[in-house]
């Protein structure tokens, strides 16, 4: 019998394994940016990066919500439709002359309410998130067309000012209000995941839901919360999209949920849950944005190349996660 | 120990499930500062008792008191809050989180809602230092061995100020050193006055650590004993429920000449064959026409041996020779190629395809051996099936009946026929007679004798020593996942001696490994 202080036999050497996918994404982003800078002189302008954020601010916010869901091991297919529905509702209500503040409140309530309902169905009826959120997706998309079959322009003063406001430095570089809002969302989400019980419970449930339950963690509440958070993020994303396009269109953001999932996964969040960071999701969105920018700069390539490259990257990152998972399992 | 009042009592506990009486009028008590082993074979009711105690199940009858107060927990959470913590066989922690977080998640020290990570780590280090564990508390739990994870689970449990700690088979996947570490911590906690309920299959461990033993059998209480007053042999008797003198009266049918059989090249010879966490390395030779019995308590590693020999689990190391030629048994397909057949003990889940007919079930293994591209002609199928339906006296004698409509004994015969059709050279029978009526049992035993007379080698696994003795040429004895002895079935061997080998002391030949 050994006595005295015991040094535990560590079974495997330790790398910062949780960080490997994020570091890989960061490296990829730097390589792509380097390619851009070396190929096109205009690419080195900081405004190129800012434009990526301006064009993808709403995507980033929605991806942050999706990160919560995927961290628990779930999935939310409804986000694209909820984004569109939020924009549609905003546009329709503004058209009817409702005050902008009230419209904002209503628009920001719809997404989380739907998310809450889907979360309850997923948890209490033990139904696959895939199918529940698929139903949510059809429902929200249907509501868009129900509101109006055609695009509704937004002429409200508050919306147009939000759309046109530029926050810049004296050298002429700028970002939009949407980018600032997206950054605030990112910061709050990162803090929530790292420092609050809700956030830690999200990781625990993603790691092992059965264990989380036996450890006395509020699994039901947390699971419902992540779908509500995703709904809220989709609603914010919808508002940002309506700032960006100054309209609500029934067929906008079709298939966006897939871009969002791709960004989250490329950002290093494991689809089975339990590992990943909001910072990774920011990188994932940037990767998507920089690919688009590169293809725009090239000019000769069809925009479908974006999809092809994203497809290839997704494969690579899922394989990377799997390899890391096997190694440490 | 005994002069204080029990911290926990369970009185007259009964619990039934549809068709099964899992517990019947069981009493149990637990004193502060003792390690109390709960013993019994699989299905004796140990798990049910723990689940009743921790509120996973309601009781049908009976009362539980904690510190003389009647309690009735609605679930493990409530039990934990009341100071009754359970650490399960499978570690119920999150391997993706850090060691420190696993200890504290759900009750982290916070400041204005923000988790104070520095404080979490500091307190985790202090708690683990109390247990003499030096771990990197910010490393993911998954980077540590199962044993360490188990101890982190204990650290979490005792930080909830547990007065009663339930360890449900915590040692089943640990190696000897890890068990020693665990026992050191258990002794430490016991000396601090915590009452520990310890469930294990390993007899040696009970005698090493437990102060008191409660034995269950078939859902009933056999008794509560001080470890010092209960010899290991008596414990085995109480678990199995047979007195030795009863076992001695077995009629001995066929004691065949082992020496003659063991001349010549063994059909299958394995040496140092084992699998970490399942069964310690063993060596075994089986000759054509030989019946090797495998005896031991449930959970002693018998099925694991069978699965290794059939390639259903892959051995970690060791050599295999078939007909004297070095070979391997790494997959069932390889084993089948070498002429090995395996009738699983779990016929419902692993053997019989209930919706297929008797005929279809019988030809499955042969068809698999031929490859799916070469279907067996229907006429040949009918011939084979008719032959075995007659030979094994399967009822109803209609090959087109779905197997689900047959009795357990007849299903077992269909399963046997499936392998017999492939004409195996070594047939592994894992508990072929369990749960079937006496008539079918005798027929199967007779069949085994006939098969071995015809030159087939049989590895016969059974919990019934009478059966093993009656059929086997030699008996390999399993204890605590080791093959502890191989006994020739001659005049000197009887159930008593096998039982003593199963029980025999804390002597472990391979403990130093």
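Cβ atoms here come from the backbone N, Cα and C positions, even for glycine.
Remember, TrEMBL labels are computer predictions, not curated facts.
Residues annotated as transmembrane segment in TrEMBL: A:20-42, A:48-70, A:100-125, A:132-154, A:174-194, A:224-245, A:278-297, A:303-324.
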Stretch with greatest number of CB pairs under 8 Å, the transmembrane segment (A:224-245) reference, A:48-70, A:100-125, A:278-297, A:303-324 candidates: A:100-125
Which one of these stretches, A:20-42, A:48-70, A:100-125, A:303-324, has the most C-beta pairs shorter than 8 Å to the transmembrane segment (A:174-194)? A:48-70
Could you check if the transmembrane segment (A:132-154) is in contact with the transmembrane segment (A:100-125), meaning 3+ Cβ pairs under 8 Å among residue pairs at least 6 apart in sequence? yes
Excluding the flanking five residues on each side, which residues at least 6 beyond the ends of the transmembrane segment (A:303-324) place their CB within less than 8 Å of a CB in that stretch? 17, 20-21, 24-25, 28, 259, 262, 265-266, 268, 270-271, 287-288, 291-292, 295
